[in-house]
Amino acid sequence: MNKFATVLVLASICLAGVSAQCPRIVTRAQWGARAASTSQLPIRPAPWVVMHHTAGASCTTDAACAQQMRNIQSFHMDGNGWADIGYNFLVGENGAAYEGRGWGRQGAHAPGYNDRSVGMGVIGTFTNVIPNAAARTAARNLITCGVSLGHIASNYWLIGHRQAVATACPGNAFFNEIRTWPRFNPNV
């Protein structure tokens, strides 16, 4: 095999490994995001992942999740006066990850951590129940994906939003769940 063919085979194997770790990511264009302008994340790769819930309706279909993303973006931009949806990514109970601000962008999701974290959440309210298996798997895979792509530091720390600021987010049930996930930091 010549050098070019060898490089192509190795590149294919590497890309297959990355895509296998990443959940299906629905882009801003695919869910119908409004145009926005946000700052670059100043500390990269991000040393923190902050987990949230949206404290609203959950979604289990592509159409319902896209609608929820548009609703959340409108609330954040029109109600809060933010430049965009506050989160970097949200996950639906359909198992897809929805690009909010995306990788490498500074979020508006956790005061004190916005300039050094990736803000991820699950669409819905998870005070008394945890997100379904599809959402939990997608969220964990999204973290692994971020590490693989160099957007999240390999020695990152995971926290719940309530550890950054006084809030019920990400809900009692979901917070107890993420406490069992790798790299959870109980001592923020």
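Quick reminder: no glycine exception, Cβ is built from N, Cα and C everywhere.
Database features (TrEMBL):
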- 1-20: signal peptide (SIGNAL)
- C22-C145: disulfide bond (DISULFID)
- 23-165: domain 'Peptidoglycan recognition protein family' (DOMAIN)
- 36-171: domain 'N-acetylmuramoyl-L-alanine amidase' (DOMAIN)
- C59-C65: disulfide bond (DISULFID)
Roughly how many Å separate the Cα of C145 (disulfide bond) from that of C65 (disulfide bond), to the nearest whole number?
21
Tell me the Cβ neighbour count for C145 (disulfide bond), meaning other Cβ atoms within 10 Å of its Cβ, over all protein chains shown.
22
Nearest-integer angstrom distance between the alpha carbons (Cα) of C22 (disulfide bond) and C59 (disulfide bond):
20
By Cβ count within 10 Å, point out the most packed of the disulfide-bonded residues listed: C22, C65.
C65
Secondary structure content, the domain 'N-acetylmuramoyl-L-alanine amidase' (36-171) (per DSSP, counts of residues):
37 helix, 31 strand, 68 coil
What residues, ordered by sequence, lie under 8 A Cβ-to-Cβ from C59 (disulfide bond) and sit at least six positions away in the same chain?
C65, Q67, Q68, G92, E93, N94, I123, G124
